[in-house]
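So that you can see what the record holds, here are the features copied from Swiss-Prot:
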type     : residues : note
TRANSMEM : 10-30    : transmembrane segment
TRANSMEM : 56-76    : transmembrane segment
TRANSMEM : 92-112   : transmembrane segment
TRANSMEM : 120-140  : transmembrane segment
TRANSMEM : 175-195  : transmembrane segment
TRANSMEM : 202-222  : transmembrane segment
TRANSMEM : 237-257  : transmembrane segment
Amino acid sequence: MLPYPQIDPVAVAIGPLQIHWYGLMYLVGIGGAWLLASRRLNKFDPTWTKEKLSDLIFWLAMGVIVGGRLGYVLFYDLSAYIANPLLIFEVWKGGMAFHGGFVGVMIAAWWFGKRNGKSFFQLMDFVAPLVPIGLGAGRIGNFINAELWGKPTDVPWAMVFPPFSDPAQLARHPSQLYQFALEGVALFIILNLYARKPRPTMAVSGMFALFYGIFRFVVEFVRVPDAQLGYLAWGWVTMGQILSLPMIIAGLFLIWLAYKRDPAASKAAV
């Protein structure tokens, strides 16, 4: 069993003002995405300025935050927020959902592309390789917060999370680290290696949807579901799996459609 590093979730406290590591991880994700995007910008569109890129990253970040919050409300705890709608604004208490954030990013990309002469999938193909930076940073934030841990296990790398998070004090899968490794590191490598060569429009977006969906679906088998939801079917199906399955199907379809529309790219990939 590995010891859980006792990291204070509060990175900096100045009087009543507290800056949490989880919030800082959002800044790391946004900053990292901007840096990578700036390196890839000339290949995407040489006419775009760094200012336009900054505008894009800003609106994508807004999509993540607003969509992530509303996604959690709708998918994970709707009854509580219907009973007290003001809870929606208490973001410091947690409650963000990737799938909602993903929808927010898609809406932001569609809106920004429409205003700047880019199709939805042109922008999404550019954005997709940036996303794992934010995903990885977010999972580190979850780990520091000692939240979203996994099921009890006796694997050598199991961890006992702090009593405030897990009163049962059981050795558990560090599922946040699994997600960091898969959604952050592995997905980053897959997408950025794949996007190094010219690909037909929609293909990179399809690869993102496919592999994120697979990775999330798999990790859900060892991650404890949200207490207010539990398992939704057959004693093992979680909300995360239900939301990820359409991503897998959509990803396969987008990849197929991308290469069907561009037979030359399909031959080059063989």
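Don't overthink the numbers, they just go from 1 along the chain as shown.
Cβ atoms are placed via backbone N, Cα and C, with glycine included.
Keep in mind that this is a model prediction, so the values were computed, not measured.
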Chain residues in Cβ proximity to the transmembrane segment (237-257) (below 8 Å; excluding those fewer than six residues from its ends, i.e. six or more beyond): 75-76, 99, 202-203, 205-214, 216-217, 220, 223, 225-226, 229, 231
Distal contacts, the transmembrane segment (175-195) - CB-CB under 8 A, six or more residues away: 40, 125, 128-129, 131-133, 135-137, 139-140, 142-143, 147-150, 203-204, 207-208, 211-212, 215-216, 218-219, 222-224
Best-contacting stretch, by C-beta pairs under 8 Å, relative to the transmembrane segment (56-76) and drawn from 10-30, 92-112, 120-140, 202-222: 92-112
Cβ contacts under 8 Å made by the transmembrane segment (120-140) with residues that lie 6+ beyond its boundaries: 22, 25-26, 28-30, 32-33, 36-37, 40, 44, 56, 60, 64, 96, 98, 105-106, 109-110, 112-113, 176-177, 179-180, 183-185, 187-188, 191-192, 195, 199, 201-205, 207-208, 212
